[in-house]
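**Student:** Here you go, one structure.
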Amino acid sequence: TSFTVGLFSLFFPADLHGLETVVGVYGETLEIPCNNGAITADVLITKWKYDKGDGLSGDLLVKKQQNVSVSATDEYKHRVSMAANSSLLLSAARLSDQRTFTCMVVTDADITEFPVNVVIYKTPAGLEISDKAEELEIGKLTKLGECVAHNANPPANITWLKNNKILVADGKGISIQASVHVDPVTGLSNTSSILEYSAEKEDTDAQFTCSTQPISDAKLVSSPVSFTITYSTENIVLQVITQDPLTEGDNVTLKCVADGNPAPTSFNFHLKGEVVKVENENTYTITNVSRDTSGEYKCSLIDNPAMEASNDLTVNYLDINLSPSGKIVKSAGEALPLTLQIESSGDSKVSWTKDNIKLDKEPQFTALTYSDSGFYECEVTVGALSRKASFELGVEGAPVIKQLIKQRAENGQHKVLICEAEGSPKPAVSWNINGTLLDESPFINGKIRHKITVVPTANLSVSCTVSNEFGKDTKVIDVSPRKYHVVIKPSPLSVFCFF
């Protein structure tokens, strides 16, 4: 390759006919060398002529003794000149210049001709994609657009690309049709390439371009274009939007979500035998739900009812009925049936407490005792739902003395008498002798404990009586005065008294 300022020429090896070839750029000045620039000093005359066709030639200019005269009388008259090295300078190169130019050199010894073949290249004025599709539909072969390369020589070879990867016609999803139109005046070519394309879902935001690689210039690439990819709905889902857990009295929203581009905006909601058409919305709200609202719900496309989705809606509920309830009073020894009825939307768990203390199991009352008295509460849970029920049980009956015992006080001076009894309401305790009250226990679970001290001076029969509105009970215990035992040890003289 050889370049001269303001001039452009490309040299190629001789073709099959033995001609050297020089390439010029359309519209620019072309330098055509004479004998590749190898001109000797003994040249007398240098003459340039061109092949007019049909065996005819036309003279261009002649150089004699450094004087150059233009002999052309046609279109070349004002376009030709000669360089100092005898090269032919041809201004404003055009396609009609694609012919053979011959340099004839005359010396004292010989006349030699050096023919040169001229080729003119023209880079396309630019690439643009026109007649673009408004949208591409998945699976449908659609004309994407037309790429045109204007005013080129040789005709441009257009390549289509998607995301900078070349697209190749496959007879299925890609079809490319190219055509060339030659301007009758300039001889330049306009190349058109039409791309038909069957889009895929992944082509959303894909960039399509067309390009061409001129022989004498950098690659040309059009501005990228992208398309809206349309496709029919393939998947539909019914969502249930509510607080968790959904309970009676709440509101629930059904939301129908479908793919597709454009996505559908109107749906049919199937509400347990009733079909509600909702336009320009994809939700439907059910207010103040009840347990009867539970069931299967569906939504479908209005224009394609077969495309539907379903979802189960469960309204959580929990009802309990405890028998007995409230405040109950029973007699000791009686049975108390206990019934807990549960109606719920799922499996339940039950826990019991008595006086706020957790019980291991549900209480059973086959024969009531005073210790059964108390506040009972059950809690039933189903998931996050919870219900409580309670009753207060009081066991009543005539008091019974369970134990009447005597003990010796720590100082040895007194007798301690203890009377333990059961009954409810709280029984009154009385003794048939005067004594000093040491302690009376709290009345818990129908039990009471009464403790006195006495100093008997003779054998006594002491009775403890307990009574309430339902009856009384008495028990007797014998109490003896203290006894002394004297022990005399011979040495040293000591006297010990025991009693």
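Along the chain as shown, residues are numbered 1 onward.
The backbone N, Cα and C atoms fix where each Cβ goes, and this holds for glycine too.
Curation plays no part in TrEMBL annotations; they are all automatic predictions.
From TrEMBL, here are the annotated features:
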| type | residues | note |
| --- | --- | --- |
| SIGNAL | 1-18 | signal peptide |
| DOMAIN | 13-119 | domain 'Ig-like' |
| DOMAIN | 124-222 | domain 'Ig-like' |
| DOMAIN | 224-314 | domain 'Ig-like' |
| DOMAIN | 333-390 | domain 'Ig-like' |
| DOMAIN | 399-480 | domain 'Ig-like' |
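Surface or core, plus neighbours and distances: that's what I need for these features.
**Tutor:** Model confidence over the domain 'Ig-like' (124-222) is summarised by a mean pLDDT of 93.
Counting residue by residue with DSSP, the domain 'Ig-like' (224-314) contains 3 helix, 47 strand, 41 coil.
Broken down by DSSP into helix, strand and coil, the domain 'Ig-like' (399-480) contains 0 helix, 56 strand, 26 coil.
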**Student:** Could you give me the DSSP helix, strand and coil counts for the domain 'Ig-like' (13-119)?
**Tutor:** 6 helix, 56 strand, 45 coil
**Student:** Just to be sure I understand, if DSSP states are collapsed into helix, strand and coil, how many residues of the domain 'Ig-like' (333-390) fall in each?
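**Tutor:** For that range the per-state counts are 3 helix, 31 strand, 24 coil.
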**Student:** Could you tell me how many residues in the domain 'Ig-like' (124-222) are helical, how many are strand and how many are coil under DSSP?
**Tutor:** 3 helix, 52 strand, 44 coil
